[in-house]
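Let me begin by presenting the structure, written as structure tokens, before commenting on it.
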């Protein structure tokens with residue numbers, strides 16, 4: 001087995017606010033006439049870019065203190081066309097959800113763009129159903145990618161059966177229907193995250209739930225603003241969960257984490273591998289389940305990850321793969337082709353980096369696998385422990401960079417990650433917090 005070297009300080013930590021909820025708080029604040037307030041807002045590049053975009057549409061923004069903002073909107077029907085392109089940077093959630101909202105606003109003309117990574121990500125998955133609602137939206141890049149040119153108009157009611165389990169597609173269409181005061185019937189084959197539905201209900205709206213995978217919404221919609229409290233992001237906590245369960249000693253108590261049932265797949269996956277993680281102080285805040293997570297040093301083993309779990313762990317698969325390297329029996333992920341449409345092609349990026357480390361990895365169209373028997377893992381670790389400056393490519397992807405920083409900490413290997421600035425898109429202060437957990 002790979003020897004456990006990392007000793008942690010037993011301490012409480014907090015991670016930044018949930019990125020998904022931070023984006024959505026801005027969108028609902030813009031839709032709602034009057035004042036809204038958000039605490040726990042993630043002050044990272046992605047949600048701040050969404051905030052900046054809607055400020056250009058007429059949303060007034062005032063920062064009260066770190067993580068706390070007050071918004072004032074003239075109401076969705078009095079938002080204005082921006083005089084510059086709306087730049088979402090690397091925020092796929094921001095551009096897709098905002099596109100839906102803006103499509104349903106008659107008289108608003110806007111071009112939504114982003115960085116080179118975002119311009120490669122698929123937008124046809126929202127363009128097609130939005131167009132069926134009567135939206136005027138065109139992907140100006142190759143293969144219907146960003147920039148997105150939108151001319152807002154009154155949309156028609158729509159029934160959509162999504163071929164993929166995607167909270168972004170679902171939320172995009174919901175926001176289009178809400179902004180245009182029309183009805184939407186939506187169904188999917190596997191349950192995706194329901195943050196938009198929860199925030200929508202929290203504001204006083206009703207959803208007709210036909211089945212767990214099938215719902216309807218219809219006007220009139222309640223859009224009077226509210227006070228949102230954003231919990232810590234479980235996708236960010238995942239890095240410290242893996243650090244905690246693979247440490248030689250020490251316990252981490254990660255406070256105030258969002259435990260939405262559609263997001264806790266990382267807990268299910270890690271616990272099925274033998275991770276000891278305890279949920280404490282579980283409660284409901286602003287329509288979302290929240291709690292504290294305590295980690296204990298654990299011995300991990302290979303576990304089969306079912307297809308039904310993939311949508312709820314899609315962002316955590318890179319760090320879960322790192323845990324797999326330390327697990328007896330290895331690691332396999334399948335039915336995860338959505339990884340190829342993230343900030344990078346995460347199947348390719350993880351496979352290529354693991355191969356750079358000398359790990360024999362089998363790549364599939366929908367995932368990858370590697371053998372984690374004690375002998376092979378130990379041989380790889382023994383060889384690498386004598387190598388200096390092992391190159392790791394982040395591929396402009398924050399989760400790849402953070403995953404291999406955790407790998408570096410746990411393994412003690414001299415990994416040289418090409419660029420870590422991408423981490424700022426979701427987790428400012430990550431490296432400093434990581435260093436503070438280590439007991440030298």
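Placement of Cβ uses the backbone N, Cα and C atoms for every residue, glycine included.
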Quiz item: Taking 121, 193, 201, 383 as the options, which does Swiss-Prot list with 19, 92, 168, 346, 399 at the phosphoenolpyruvate site?
Solution: 121
Quiz prompt | Subset of binding-site residues (20, 24, 166, 315) lying within 10 A of residue 399 (phosphoenolpyruvate binding site), CA to CA, in sequence order | solution = 315
Self-check item: Cα-Cα distance linking residue 168 (phosphoenolpyruvate binding site) and residue 20 (3-phosphoshikimate binding site), given in Å to the nearest integer
Solution: 10
Quiz item: Does anything in the same chain, at least 6 positions from residue 19 (phosphoenolpyruvate binding site), have a Cβ under 8 Å from its Cβ, and if so what?
Solution: 42, 44, 46, 47, 93, 233, 235, 236, 426
Quiz item: Which whole-number value in Å describes the distance between the Cα atoms of residue 342 (3-phosphoshikimate binding site) and residue 168 (phosphoenolpyruvate binding site)?
Solution: 12
Exercise. Across all the protein chains here, work out how many other Cβ atoms are within 10 Å of the Cβ of residue 399 (phosphoenolpyruvate binding site).
Key: 28
Quiz prompt | Largest tally of Cβ atoms lying within 10 Å of a Cβ, found at which of the binding-site residues 24, 121, 342 | solution = 24
Practice problem: Determine the Cβ neighbour count for residue 315 (3-phosphoshikimate binding site): the number of other Cβ atoms within 10 Å of its Cβ. | Solution: 26
